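Feature annotations, courtesy of Swiss-Prot:
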type: TOPO_DOM; residues: 1-22; note: topological domain 'Cytoplasmic'
type: TRANSMEM; residues: 23-43; note: transmembrane segment
type: TOPO_DOM; residues: 44-64; note: topological domain 'Extracellular'
type: TRANSMEM; residues: 65-85; note: transmembrane segment
type: TOPO_DOM; residues: 86-93; note: topological domain 'Cytoplasmic'
type: TRANSMEM; residues: 94-114; note: transmembrane segment
type: TRANSMEM; residues: 118-138; note: transmembrane segment
type: TOPO_DOM; residues: 139-159; note: topological domain 'Cytoplasmic'
type: TRANSMEM; residues: 160-180; note: transmembrane segment
type: TOPO_DOM; residues: 181-192; note: topological domain 'Extracellular'
type: TRANSMEM; residues: 193-213; note: transmembrane segment
type: TOPO_DOM; residues: 214-277; note: topological domain 'Cytoplasmic'
type: TRANSMEM; residues: 278-298; note: transmembrane segment
type: TOPO_DOM; residues: 299-328; note: topological domain 'Extracellular'
type: TRANSMEM; residues: 329-349; note: transmembrane segment
type: TOPO_DOM; residues: 350-354; note: topological domain 'Cytoplasmic'
type: TRANSMEM; residues: 355-375; note: transmembrane segment
type: TOPO_DOM; residues: 376-389; note: topological domain 'Extracellular'
type: TRANSMEM; residues: 390-410; note: transmembrane segment
type: TOPO_DOM; residues: 411-424; note: topological domain 'Cytoplasmic'
type: TRANSMEM; residues: 425-445; note: transmembrane segment
type: TOPO_DOM; residues: 446-450; note: topological domain 'Extracellular'
type: TRANSMEM; residues: 451-471; note: transmembrane segment
type: TOPO_DOM; residues: 472-508; note: topological domain 'Cytoplasmic'
């Protein structure tokens, strides 16, 4: 009975009608992902400029890998540490720290200076980009967990996907800002190019900084307060404010629930209940990030090889022209492929289901990458570079309307509240290890692009197989998925707690 009484307050959250606050939360939580995606692509542009300014041509291969991959190295400890802190200290208490660190690191990256030019400046830049990666990594489990615990069960997938879709806007913004800055400096003296890369890097901090105040005002999620902190009064107060529903708390119910299901991470009971789930989320995220990040980071190498981009030389104006061309191609792929993929996931994830979309995504990525790899010599021989770009864009469409989004959604739903942020952090950290493998493991891709594509196809097939370990979470309450509390057995599934209705009491 206690479980049913407690679940009434969570049931009210599960069936709540979509309100303005949900959309505000999407924007607040999504700004970290805007900066993440902005940084991912903009650093590829910046690498060309750094090569021209400090190496009079192209960055050495090892330095290029360090500049582009060091932030990914920072995301691994960021996800593990902040994911764990999110469960131990509360989602809100550490949420502002990640955003503040993100803003400071972005600005400091653009302000990197040294007494001696060249390698010293690169070292300073890498230092601040590592901490930028830590902040971005910490934002993953916290944003996903907060959005999953705020949302109703009917549209929960769409809300989490919408937060993640801010990556698409960050990706697009990187291309647009890159084109604007490149065009602005095109007719300036060569010495002023040093300002261009700094402006590009620092711009990503602006949207995140604008949402810091609102992030600090967000209340702790009711699920954390009720199920982990066992503070029924505060949970009732916070939920009343969010849903415009008056809730009467009962501390005795919370105390009784506090003694239920207290198994720890990696205990026998956890492995029995969720071991295969964690294996599925980690492996799928790992192989997805090997593919997704390597295709992003090495896009310019691949496009140069097929003739879409001019090759680098020591001429200043050629460097900027290459940047303009690169950003134009990337913006085209974002608008026609990547961004629509995010939108399709938001629209269909609560209709089709997370697992089906992930399976479809891995399958179609494999198909289009086979279309790139098998006739690769034909793409080169016939100079069909625009057809190659279309196939490349379709690969990104099904990555985003597929595992790139669903690997972010699923870990935020299928683990118990007291371990949710930690497990999401573990899944994401393993994923980012895959991203590091993708960046540092394919340093010579321009010489073996066909082999590179076939390796990524193998990663897609592994992801498809391990997706079969994951449960479908569409339309289910978080507590039903995790088994924390017995399923609430009322017949009013179709009822809604609406913002416009009079305030009433839901017993706790």
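From the backbone N, Cα and C atoms, a Cβ is placed for every residue, glycine too.
Sequence-distant contacts of the topological domain 'Cytoplasmic' (86-93) (same chain, at least 6 residues past either end, Cβ-Cβ under 8 Å): 141-142, 145-146, 149, 218-221, 224, 228-229, 418-422, 425.
Within the chain carrying the transmembrane segment (94-114), a Cβ under 8 angstroms from the stretch's Cβ atoms is held by residues 31-32, 35, 39, 78, 82, 85-86, 120-121, 123-125, 128-129, 131-132, 134-136, 138-139, 142, 146, 197-202, 204-205, 208-209, 211-212, 215-216, 218, all 6 or more beyond its ends. Within the same chain, the transmembrane segment (23-43) stays apart from the transmembrane segment (390-410): fewer than three Cβ pairs sit under 8 Å, each pair at least 6 residues apart. Of the recorded ranges 160-180, 193-213, 329-349, 355-375, 425-445, the transmembrane segment (278-298) has the largest number of C-beta contacts under 8 angstroms with 425-445. Mean pLDDT for the topological domain 'Extracellular' (299-328) in this predicted model: 70. Put simply, of 160-180, 355-375, 390-410, the stretch with the most CB pairs closer than 8 A to the transmembrane segment (425-445) is 390-410. Beyond the ends of the transmembrane segment (329-349), by six or more residues, the same chain brings 41, 157-158, 161-162, 164-165, 167-169, 171-172, 174-176, 179, 299, 303, 308-309, 357, 389, 392-402, 404-406, 409, 474 to within a C-beta distance below 8 angstroms of the stretch.
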